[in-house]
Amino acid sequence: MAPPSVFAEVPQAQPVLVFKLTADFREDPDPRKVNLGVGAYRTDDCHPWVLPVVKKVEQKIANDNSLNHEYLPILGLAEFRSCASRLALGDDSPALKEKRVGGVQSLGGTGALRIGADFLARWYNGTNNKNTPVYVSSPTWENHNAVFSAAGFKDIRSYRYWDAEKRGLDLQGFLNDLENAPEFSIVVLHACAHNPTGIDPTPEQWKQIASVMKHRFLFPFFDSAYQGFASGNLERDAWAIRYFVSEGFEFFCAQSFSKNFGLYNERVGNLTVVGKEPESILQVLSQMEKIVRITWSNPPAQGARIVASTLSNPELFEEWTGNVKTMADRILSMRSELRARLEALKTPGTWNHITDQIGMFSFTGLNPKQVEYLVNEKHIYLLPSGRINVSGLTTKNLDYVATSIHEAVTKIQ
């Protein structure tokens, strides 16, 4: 008799929640259905948007007979890496001028986080540092915990961030947790448009955060998934990163071009490394090359070419910033409209946090039972945490969503 399958004992894993939500939405025949769970931009017609500048650059690339499908270098397309790091740090960055910046092209922001985490587990502040505490915000994007765990870190902790009572930033809790963190701990920071809360520190608050991190010798690992997409202004959205450079920090910054270029399925990311001197950057990149080689060997070219072509051409860059502002402005408009409708309905509670928050997501303050009501009774799909994708709102579904939220809050405590 043949033995059972070698896979017979493999347990069924739980589905990834945000993707399951979208699958459930697609299967729902109800005409009123609204998807506020998806982590991607939508137009006012609820469609994905291919940026006009991306279409233009794709055509340009298709017509360029000098291009081929040869392997890229292990660390990626040099022009892309340079342009991406410059976008985060700014043209006048002292770190760039002093040649103490390196970049690694990655498979999206997640790939940048993973390569950075793998490197830190092996080489940060010595060797084999898997017992170094890694701090993530409470709450945070769920993949942060998973990526650092998969890299081998054994001590992942949270720092206070969201104050549910006031629906805003718990700055004092945040600072206290940093103050009490062991020296040389790694701290994951959202550069802008915090996911899932949409609440960002002000520049003055960032200065306080940097001050504590500096005297505790904490290592910043920025996650920058929304530059330009949060406020519509590239410089404003990179303020924290650039301030940390000015304060002399060494740090990593995982960049994603999924949102601000709409290149979700091209997996375009970059890990920017800022060090103290050029020599250390060369050493870091030499080790990252080894890690990339056994992870994805080398990255795909198409998305990187699109981003590099756009960022390096002044005319295309200007068009791109206009496209980004179009997306950011629509989201800001939907925030205002949702808040206005909830206040007009006299929905219990305060709703100013919707417009105080920034970026694609809003932490509504709805509890899991209210979310369950919206999903099951109203066919409005959102995460159990109450996080919504504001770009899932449109001029056509706003009234329905607002009255449904009003019902959920009024009926269910």
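Positions of Cβ are set from backbone N, Cα and C atoms, glycine also.
As recorded in Swiss-Prot:
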- Gly39, Trp141, Asn195, Arg387: L-aspartate binding site (BINDING)
- Ser149: phosphoserine (MOD_RES)
- Lys259: N6-(pyridoxal phosphate)lysine (MOD_RES)
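Those same-chain residues not listed among Gly39, Trp141, Asn195, Arg387 yet with C-beta within 8 angstroms of the centroid of the L-aspartate site C-beta atoms are Val18, Pro196, Met360, Phe361.
Other Cβ atoms within 10 Å of the Cβ of Ser149 (phosphoserine) number 13 in total over all chains.
Residues within less than 8 Å, Cβ to Cβ, of Lys259 (N6-(pyridoxal phosphate)lysine) and separated from it by at least 6 positions along the same chain comprise Ala40, Tyr41, Ala225, Tyr226, Phe229, Met360. Taking the C-alpha positions, the distance from Gly39 (L-aspartate binding site) to Ser149 (phosphoserine) comes to 23 Å. Gly39 (L-aspartate binding site) has a Cβ environment of 21 other Cβ atoms inside 10 Å. Look at Arg387 (L-aspartate binding site): DSSP puts it in a strand. When secondary structure is read from DSSP and collapsed to three states, Asn195 (L-aspartate binding site) falls in the coil class. Geometry remark: Asn195 (L-aspartate binding site) versus the residue listed as 'phosphoserine', CA distance 19 Å. Maximum C-alpha to C-alpha distance over the listed L-aspartate-binding residues Gly39, Trp141, Asn195, Arg387 is 11 Å. Here the C-alpha separation of Trp141 (L-aspartate binding site) and Ser149 (phosphoserine) works out to 14 Å.
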